[in-house]
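If you check TrEMBL, you get these features:
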DOMAIN    126-211  domain 'Ig-like'
SIGNAL    1-19  signal peptide
TRANSMEM  221-246  transmembrane segment
Amino acid sequence: MERYLLTALFSVWINLIYGINIQPIPEHPVIDQPVTLSVSGVSGAIHSFSWYRSSGISNSSLILSYNPTSNPAETQGPKYFPRASSFSNGSLHIVELSTTDSGYYTVQVQAGSLTSQYINLPVYVPVVKPVIRASSQRPVEYDEVALTCTATNAQRFLWSRIGGKIPSGVKYSSNNSSMTISRITLSDAGKYQCEGMNPVFKDISETYTLSLYCVCADPPAGVLAGIICGTIAGIALIACATFLLYRRFILPARQVQTGQVNSQQKSSEIYDNVIDGTKGQNPTVESPYTGLQHQPDHTYCDLNMGQIQKR
């Protein structure tokens, strides 16, 4: 036990003096892609090294060990997985990264001295399309409203407003996943979007329309009664006007089309000079204006000639 403690203290002291470094290549490892945990800063030739799946050194977390003088040079530990392999310079190579590969890794190197270092390996995956939700679906003026943006695999968020600026005095959460408007006014209403991102991927949400609702009081009973009476009167007036228009224009037109004649509108009669006959006899019809006709001149002439002959 004392020997283990002395070794650990010695390693810490050496790291403070010399130190080694682990750098992931690429800097931002992506799912399904390879990554190399590159070791640098080793002083002297490497005699052996070991990788552990933890933030410390423990036999139960050993992935593999490498010793160029051994056969085989690489031996497997309890946490070994086939996608992992070692390089002679002390680096660890992992192919086809999975989300389960994220976490702590520690390397212990035996060179001029025994040194160790650990790294927290991230594995980045695409951001799922963000979604905006409001704390109130029907906010009224001067309410406090919070818009929250959620997106899987996003580490931080960026807010924007279409056709305008973000209201002044807005309060953001630590990673900008939500913004709060303390006292909403009509000028704050509009279309908002949020963008979720991590060091590799990003995606933007659909547009969210923030609306301001009005709370209207019920009208007084007298006003309501007046509206109802006015509506009834209007309906009655429209009915009367429709009936009059029907009697004046539509009904006569239909009677003409069907051959019917209104009893009050008889066809004009031809008035002749009629001399009433006795009952049971047909009346004698004279020619129009018989008593007013001018007699021909020859009747007068015949009379004159008769008087002459008597003389």
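Here the Cβ of each residue, glycine as well, is placed from N, Cα and C on the backbone.
On the 0 to 100 pLDDT scale, the domain 'Ig-like' (126-211) averages 96 in this prediction. Across the domain 'Ig-like' (126-211), DSSP classifies residues as 3 helix, 38 strand, 45 coil.
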